[in-house]
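Just passing along the structure, written as structure tokens.
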Amino acid sequence: MDAREIRSPELLPETSPVSLEATVESHRRKRLGIYFLESDDRRTALGGGYTSGATPVNIHGKPISEVTISKTGGWIAAFFIFGNEMAERMAYFGLSVNMVAFMFYVMHRPFESSANAVNNFLGISQASSVLGGFLADAYLGRYWTIAIFTTIYLAGLTGITLCATMNTLMPNQDKCDQLALLLGNCEPAKPWQMLYLYTVLYITGFGAAGIRPCVSSFGADQFDERSRDYKEHLDSHRWGNRAFTAVVYIQMKHGWGSAFGSLAIAMGMSNLVFFLGTPLYRHRLPGGSPLTRVAQVLVAAFRKRNVSFQNSEFVGLYELPGQRSAIKGSSKIPHTEDFRCLDKAALRLKEDGVNPSPWRLCTVTQVEEIKILLKLVPIPACTIMLNLILTEYLTLSVQQAYTLNTHMGHLKLPVTCMPVFPGLSIFLLLSLYYSVFVPLSRRITGHPHGASQLQRVGIGLAVSILSVAWAGMFERYRRNYAIEQGYEASFLTPMPDLSAYWLLIQYCLIGIAEVFCIVGLLEFLYEEAPDAMRSIGSAYAAVAGGLGCFAATILNNIVKSVTGDVEKRKPSWLSQNVNTGRFDYFYWLLTVMSVINFCAFLLAAHRYRYRAKQVNEIREQASIQPSTKDHVVP
């Protein structure tokens, strides 16, 4: 094997041979990335290198020529993708704001169990994105992953529609008026009926696994990363397609079957549009199994855990020669000093032989991929709290709204329409975000986006604290008012003199929080994730959302068990009767948790270094370090 130890990636000035030995020892201790062992002949985990980097290809995997590339991608192609995500957003919001009411009024389930079921649906639809991102990056590519899972999504929506239209799948609705609901005298759903509903609901959530992590990245793939307007396209595509559902109005006019059926029809039409745009799409080749590469690094580092970097058998850190990377869809990543224990996976020893196993020796780029994924974790982890608050709003605010006047002039809005307002506020605030905040802050900070990605995430988390604090204050006022006016036992009776639109303040604040936090987070993850793991990087945000939903269910159960006592007839903070519960205490608990989470984010953001800045620092340090001539390793 033709192997040599070189200084990579820059060409550095030569030094005298006299200082060779001392320099090598100093560099091995201070900066392992100076020396890479490169080879043209090595069996990699992927069966070979990948020379074309991130070059767009067509659906058959062939590179798109410069002549025809102008006929693909761009806003025309993004339009066909836009429809698919819009339909998924409609279904997501439509189910999240209506399923609690459907389970309570039609399936005769308590608010608490209905809310937990919806929280689990939301969690599955987001956390399962890891699977979709893995399949897209490893085997299927983003197009085929979207195509498969959007079909699964449609099947789940169809099953939900059948549940809302066929009497066999619902409990008997006779003699089930509001009083019977209050007293719990309505016939409950049979176990097999609930099993069917849970199955189709969770199938729908699972269908989002291939949509959430891939649609944003696939939409971004349609634009040229070399273009100065690329980042603007990225932001606009991801968040210009927020759709807001009118399913609550359809339910009021035509019933639950028509409401859920409209979501299924919208998804079916979006699938058709998505497939029609196939000839226009630009594709990226899947970069092999990212989880396999993660496992290889961990196994190789573990095998060499006891080997010292000063070992006499140490040859160098392994990397492929030139610009070629061992990972399809990825360019080379410079070595960094973080997580040095993982560097042992790329530690080249004489005993490794001429053709080492990828489970024993990994390239520097492969090791750096894992480092990047690890360094990204704290940022999306800090957004779990925001997602928990959003999840609580979707369910708790419905219970609050039932006690409030939802009239807007002569128009009476359905109670289940209230949770749509956070999404509506996001839609309205986005136009202000790009037309007002970005230009104004750009003048002040000089940053092209007005603020860095992490600064925007921080702003969002700070505003979410204000939102939940206001929610606690208003709930305290609402509860005291209900008790004073004699509505304590009537938690489904609206109070005519107290408007539900006071809830819009917390909705607008949480909308502002999501605009800043989630937009900044998605851009942060897409740009900071390794080239061949961008879908996995984007899935981090969805996983944080899913964990927030599951955390909401866990927190609800803990609060119920700690604050309530059935034997003593002491209602919990989250009692079904919102007037006897203490939602205000619960919101203040969320406020305290949000403050602690914000402090953790400030620490994580302060310690994080952007990849581009880190690479520049490495190059600057390398340019001033003394160097050696290349020499052949025996």
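Just so you know, glycine gets a Cβ as well, placed from its N, Cα and C.
Remember, TrEMBL labels are computer predictions, not curated facts.
Got these off TrEMBL a minute ago, pasting:
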type	residues	note
TRANSMEM	90-107	transmembrane segment
TRANSMEM	143-165	transmembrane segment
TRANSMEM	195-211	transmembrane segment
TRANSMEM	259-281	transmembrane segment
TRANSMEM	372-393	transmembrane segment
TRANSMEM	413-436	transmembrane segment
TRANSMEM	457-474	transmembrane segment
TRANSMEM	500-526	transmembrane segment
TRANSMEM	538-559	transmembrane segment
TRANSMEM	585-605	transmembrane segment
Which range wins on Cβ pairs under 8 Å with the transmembrane segment (500-526): 143-165, 195-211, 538-559, 585-605?
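If we count Cβ pairs closer than 8 Å to the transmembrane segment (500-526), 538-559 scores highest.
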Count the Cβ pairs between the transmembrane segment (585-605) and the transmembrane segment (90-107) that lie under 8 angstroms and are 6 or more residues apart in sequence, then report whether there are at least 3.
no
Under a criterion of three or more Cβ pairs within a distance under 8 Å and sequence separation of at least 6, are the transmembrane segment (538-559) and the transmembrane segment (372-393) in contact?
yes
State the non-local partners of the transmembrane segment (195-211) in its own chain: residues 6+ outside its ends, Cβ under 8 Å from one of its Cβ atoms.
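Answer is 84-85, 88, 91-92, 95, 99, 103, 107, 117, 120-126, 128-132, 135-136, 145-146, 148-157, 159-160, 162-163, 169, 189.
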